[in-house]
Amino acid sequence: MDILNALVAFLNFVFVPGLTYGAQLALGALGVTLIYGILRFSNFAHGDTMAFGTMVTILFTWWFQSMGISFGVLPTALLALPFGIAVTAALVLGTDRAVYRFYRKQKAAPTILVIVSMGVMFVMNGIVRLIIGVEDQNFADGGRFLISAGDFKKMTGLSEGLAIKGSQAVTVITAVVVVAFLFWFLQKTRTGKSMRAFSDNEDLALLSGINPDRVVQVTWILAAALATIAGVLYGLDKSFKPFTYFQLLLPIFAAAIVGGLGSPLGAIAGGFVIAFSEVMLTYAWKKVVTYLVPDSLAPDGLLQLMSTDYKFAVSFAILIIVLLFMPTGLFKGKSF
Amino acid sequence: MSRNLFLFGGVAVLFLLTGLMASWNQSLYILNISLVFALMSLGVNMQWGYAGLFNTGVMGFAALGGLAVALTAAPPVAAAWQAGGLGVLGGLILGAAILGLAVVLYRRMAPGRSRTLALLVVLIGGFFLFRAVFDPAVTAVEAINPSVSGNLGGLGLPLLFAWPLGGLLAAAAAWAIGKTALGLRSDYLAIATLGIAEIVVAVMKNEDWLARGVKMVNLSERPWPVPFEVDLQRTAWFTDMAANWGFDPVTGSSIFVKLCYTALIAVVLVSIVFLSERALNSPWGRMMRAIRDNEISAAAMGKDVTRRHLHVFILGSAVIGVAGAIFVSMDGILNPGTYQPLRFTFLIWVMVIVGGSGNNWGAVLGALLIGWLYLIVEQVGPNIMGAITAGLPEGALKAHLVDSAQHMRLLTLGVILLLVLRFSPRGLLPEK
């Protein structure tokens, strides 16, 4: 019984939050890695693209809510999501046309593009703060819990409860659907194949008649969609605050690099590596261990390896280890 | 040359106008902060302008400089040292020794399963050992009189010592980052420095034993020879001067103090500009530019590109650290909450790019110009917005619009950065 209790506590406090956070990071890192693979620079504006997409979705959600439209047990934000993606894609395409295209034609060095993306980050950050402000916004509605801790205890008779929030279930399911679609798109469709060809060898792809402008456009649209979805899911699960999204940049980059920049599969693996390390290192293990060991050995302390204030240090440490020992990442991305 | 004079003259006029139209106090306040920003810009310019290194962690290096001020100038807390000083220091030394041992093992042992096992044992065992020594000491230190101290305090040295120490701390951090991230893709340095900055500030916020975290350290002294306003108002020669020249001693004393700071910072700034100009025109400077312009051919000439990058990265970060220390000693308060990446990292980047990367005078000019713009909008912006929206009825919309003035700055800075990069990538004062 105690082993089961320990297992449930582990699932409740480590596995489910880690899985959800990992899915959000994976979606974010997929966007970064796609941009890197096709356009060959690290997009510092990705965090703020996420914030922008989430903001638009929140505005649509509020509008829908004011008209009395809801999505039943599912959050209304899911209904607003396509609109958020459309607006974000339009903004990102506009940015590419107005800003990035010039440097692409010039074949500017990647560092210049990174600085340019920093400028774009400023602008997007300014727009978001201007429209919605810097405060926390909570826009989750619909069913709060798929299973609440109380129901779970009644059902199983265990003393530990397992709570799965609606937003967590929505996150994981949406992420699976999105990733499946993305891989189908990249592997099976003509556009997806041309994108992979362009990423592998730009000259050869151009030689075989692939239209580079179209590849770039599709990449931006995909990146905008991924960023908006990741941002909305993160916002539903926790809450929306522009500065938090800027800070997400570090774990997202860490995830993309751990997996290997430019490798979509790697981005997903990297997202989960970062998320689980973060949750496991900052979780106070006292509860789980108390169930597993005899009473006489019960721990006094919290058994927390690191305070949650340092969760960014975890992704940073992993990033440093990867840079030191395998700069191409788990899935052989591009390191030079 | 006439272009340089013209542009610097223009900026001087901006500051004079602020003095005449608003107040000299405000003008000098903006000038002093802009001069510190100019120091930071010089540091970034060394990294970006000389070597093409992209450092997004300016905030972290500046924060380390600020930390140095608290560690040097604050008086030591004797009771805390007695309670846990040895434990904290011992813990830190033990942690460093464990990492050192792991590095030695990694270098000495043959790759394979036994090395991995040994490393894991050393690192995991070492982590728990470190926590066992460090944690009780920290708890003991933080328990001592937490409302006024709760930390180990500083060395009680004169404040000026903090400036070079700030440079040293920042240089040490830059060495660690540069060692890992240089020599790989250029983006990796940007991402790694972004991370170290976040972590430095997180440590400063949460480690109360170090510099009281978010409870802040108030400094009770100023760098020699800057006096306190209150003391100045009681000094005979100053009150005489006020009477003779006919100015208000209260305002006069605060202007006098600011002028002292201006002079101090100007000394540091001029010496750093002088040194970096000399360096830039020496064989070393030519080598750096050669590496920046074509790494492959420089490497073919036998230059160790990664090592040179490491040197210049450390140098630039040290300058940023000194600037960070000056910033805190001017404020008289170390508040880790004020370290915002937008203000301490990206603002400096805009200054360097707008001023002209690769040109030291450009970095100074950009800092003075953008610093003036940024700070004047901070102070005047809400008033202007208030005047524009005066006709609107009171309510959420008006409050939102008045609030939005500060966010307009970000937008404006971003647009300026993009426009300069696109249409005048060499900046106001191009590199020769």
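Backbone N, Cα and C atoms are what each Cβ position is placed from, and that goes for glycine too.
Database features, via TrEMBL:
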{"type": "TRANSMEM", "residues": "A:6-39", "note": "transmembrane segment"}
{"type": "TRANSMEM", "residues": "A:51-73", "note": "transmembrane segment"}
{"type": "TRANSMEM", "residues": "A:79-100", "note": "transmembrane segment"}
{"type": "TRANSMEM", "residues": "A:112-132", "note": "transmembrane segment"}
{"type": "TRANSMEM", "residues": "A:162-186", "note": "transmembrane segment"}
{"type": "TRANSMEM", "residues": "A:215-236", "note": "transmembrane segment"}
{"type": "TRANSMEM", "residues": "A:248-276", "note": "transmembrane segment"}
{"type": "TRANSMEM", "residues": "A:312-331", "note": "transmembrane segment"}
- Task: Quick one: find which recorded stretch in A:51-73, A:112-132, A:162-186, A:215-236, A:312-331 has the most Cβ pairs under 8 Å with the transmembrane segment (A:248-276).
- Result: A:312-331
- Task: State the non-local partners of the transmembrane segment (A:162-186) in its own chain: residues 6+ outside its ends, Cβ under 8 Å from one of its Cβ atoms.
- Result: 8, 11-12, 16-17, 19-20, 23-24, 26-27, 30, 73-75, 78, 140, 142-149, 152, 192-193, 195-196, 222, 226, 229, 233, 236-237, 264, 268
- Query: Would you call the transmembrane segment (A:6-39) and the transmembrane segment (A:312-331) in contact, using three or more Cβ pairs under 8 Å, pairs 6 or more apart in sequence?
  - Reply: no
- Against which stretches of its own chain does the transmembrane segment (A:215-236) lie, if we need a Cβ under 8 Å and a gap of at least six residues from its ends? 23-25, 27-28, 30-31, 34-35, 38-39, 43, 46, 49-51, 53-54, 56-58, 75, 77, 81, 84-85, 88-89, 91-93, 96, 104, 137, 139-140, 167, 170-171, 174-175, 178, 182, 185, 191, 194-195, 198, 205, 245, 248
